[in-house]
Amino acid sequence: MATLRADEISNIIRERIEQYTREVKVVNTGTVLQVGDGIARIHGLDEVMAGELVEFEEGTIGIALNLESNNVGVVLMGDGLTIQEGSSVKATGRIAQIPVSEAYLGRVVNALAKPIDGRGEIAASEFRLIESPAPGIISRRSVYEPLQTGLIAIDSMIPVGRGQRELIIGDRQTGKTAVATDTILNQKGQNVICVYVAIGQKASSVAQVVTNFQERGAMEYTIVVAETADSPATLQYLAPYTGAALAEYFMYRERHTSIIYDDLSKQAQAYRQMSLLLRRPPGREAYPGDVFYLHSRLLERAAKSSSRLGEGSMTALPIVETQSGDVSAYIPTNVISITDGQIFLSADLFNAGIRPAINVGISVSRVGSAAQIKAMKQVAGKSKLELAQFAELEAFAQFASDLDKATQNQLARGKRLRELLKQSQSEPLAVDEQVVTIYTGTNGYLDTLEIGQVKEFLVKLRTYLKKNKPQFQEIISSTKTFTEEAEALLKEAIQEQLELFLLQEQT
């Protein structure tokens with residue numbers, strides 16, 4: 001039988017006492033009172049902060065949004081199906097943040113910046129808060145560089161600048177997403193990082209957009225943040241802020257970024273759902289009172305950084321869906337008042353075959369010609385006014401039987417101008433090609449052609465110019481000005497191509 005040696009036992013006890021470190025850990029905890037519909041009510045959590053992350057016993061994360069006298073309203077970042085009444089919840093002391101890095105380029109992630117494209121984890125050593133304060137007045141400078149969309153109607157008449165917020169608004173199925181995705185495709189080789197945020201869309205639609213980007217090599221400089229229609233309302237509400245945090249990471253590294261929110265109507269609906277379930281008082285159209293702040297704090301993060309901060313930029317292109325063209329509804333008017341202009345897409349124009357279906361009359365860019373190169377200003381200066389006058393005249397001409405020659409000529413010119421603004425989807429044009437197209441139309445070179453021949457002629461003219469007069473493109477690219485030499489080259493090319501085209505049409 002082994003003997004117990006008292007000195008050994010006392011040595012072991014002494015060692016243990018010497019190694020013992022007293023650690024007091026205070027955890028702010030609470031108990032689940034009620035859970036359901038993506039909302040949990042918690043008793044306790046006395047020192048929780050508004051917007052703080054809380055962790056449930058089974059691992060689900062939530063955000064404390066409602067701090068009431070006897071309970072805390074938490075929105076869940078997941079389905080919460082395994083959370084039970086009476087289970088414990090602890091406050092984490094953190095607010096929502098995501099990892100950020102260059103490795104996110106070319107990836108599809110969710111609102112928590114977790115990859116959902118099946119290509120493994122994304123390496124990141126840095127974190128950014130999902131909700132960051134917008135840059136102040138001193139940190140910004142006015143918008144002066146163009147962000148080319150590749151769409152003639154926009155770049156010539158409703159120009160978008162780097163750091164601007166330009167709303168794309170219209171009914172469903174009018175080509176809003178097409179305008180946004182074409183803008184991303186046109187950034188190839190322009191050193192612009194693009195972020196596409198899909199909120200509450202069908203998974204098939206998001207897959208189609210991603211496939212389009214991959215086929216055209218746009219995923220190299222694009223990040224897609226997607227929360228589809230079956231995602232919890234909390235994640236649909238967070239997705240735009242996640243996209244903004246990713247874009248800001250590049251903006252503060254002196255890079256140019258462009259972010260598309262597709263669409264903010266769905267984010268507002270998700271926020272309305274959360275607010276009503278949290279029993280916040282409803283306002284107009286049952287939206288909560290702070291729905292304006294929901295969008296303003298998001299869109300104010302888009303900026304053109306000052307030269308002290310490296311002149312990076314974040315251009316926001318939010319999309320809002322209207323019902324039967326009603327731009328005076330609550331969410332459309334809110335977002336119109338926050339942004340620096342809007343591109344209005346009309347269902348009537350879309351159905352009439354005018355695509356992109358941009359209503360030039362009520363679309364506007366509050367940055368204006370500051371966001372255009374000099375060459376574009378020179379050729380496109382009057383085109384918006386001419387088109388608006390034509391639309392008015394066309395409406396009047398429906399009731400007039402006999403029109404004078406000048407009016408007939410103006411109508412004929414207007415129809416050809418409208419024709420040259422038509423573009424197929426995913427076929428953006430370079431600036432020099434746009435200058436060629438607009439100059440040809442506004443100077444009457446298309447007046448001798450039938451309307452049906454306009455598109456074909458312009459395609460041939462652009463090809464002819466590229467092949468036979470490459471110096472035209474060089475002048476526009478290097479000087480950004482429509483010089484006399486460039487004009488002479490273009491006039492010569494138009495005359496040569498027009499003669500050739502008419503000859504081919506006769507044979």
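Cβ coordinates are placed from backbone N, Cα and C, and glycine is handled just like the others.
Taken verbatim from Swiss-Prot:
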BINDING   G170, D171, R172, Q173, T174, G175, K176, T177  ATP binding site
SITE      S363  site 'Required for activity'
Inset, instruction - Determine which residues of the same chain, besides G170, D171, R172, Q173, T174, G175, K176, T177, have their CB within 8 A of the center of the CB atoms at the recorded ATP site, and list them by sequence. - result: E321, L345, A347, F350, A357
Legend entry - Integer Cα-Cα distance in angstrom, G170 (ATP binding site) to S363 (site 'Required for activity'): 11
Legend entry - Listed recorded positions (Q173, T174, T177, S363), ranked by Cβ neighbours within 10 Å, top entry: T174
Legend entry - List of residues, in chain order, with Cβ under 8 A from that of R172 (ATP binding site) and at least 6 apart: E321
Inset, instruction - Please list residues from the chain of K176 (ATP binding site) whose Cβ is under 8 angstroms from its Cβ, counting only those at least six apart in sequence. - result: I168, I169, G170, D262, D263, I319, E321, L345
Legend entry - Pairwise Cα distance for T177 (ATP binding site)/S363 (site 'Required for activity') [Å, integer]: 17
Inset, instruction - Find, among the binding-site residues listed as G170, D171, G175, the one whose Cβ has the highest number of other Cβ atoms within 10 Å in the structure shown. - result: G170
Inset, instruction - Whole-number Å only: compute the distance from the Cα of D171 (ATP binding site) to the Cα of S363 (site 'Required for activity'). - result: 14
Inset, instruction - Would you mind reading off the Cα separation of Q173 (ATP binding site) from S363 (site 'Required for activity'), to the nearest angstrom? - result: 18
Inset, instruction - Round to a whole number and give the Cα-to-Cα distance in Å for the pair G175 (ATP binding site) and S363 (site 'Required for activity'). - result: 15
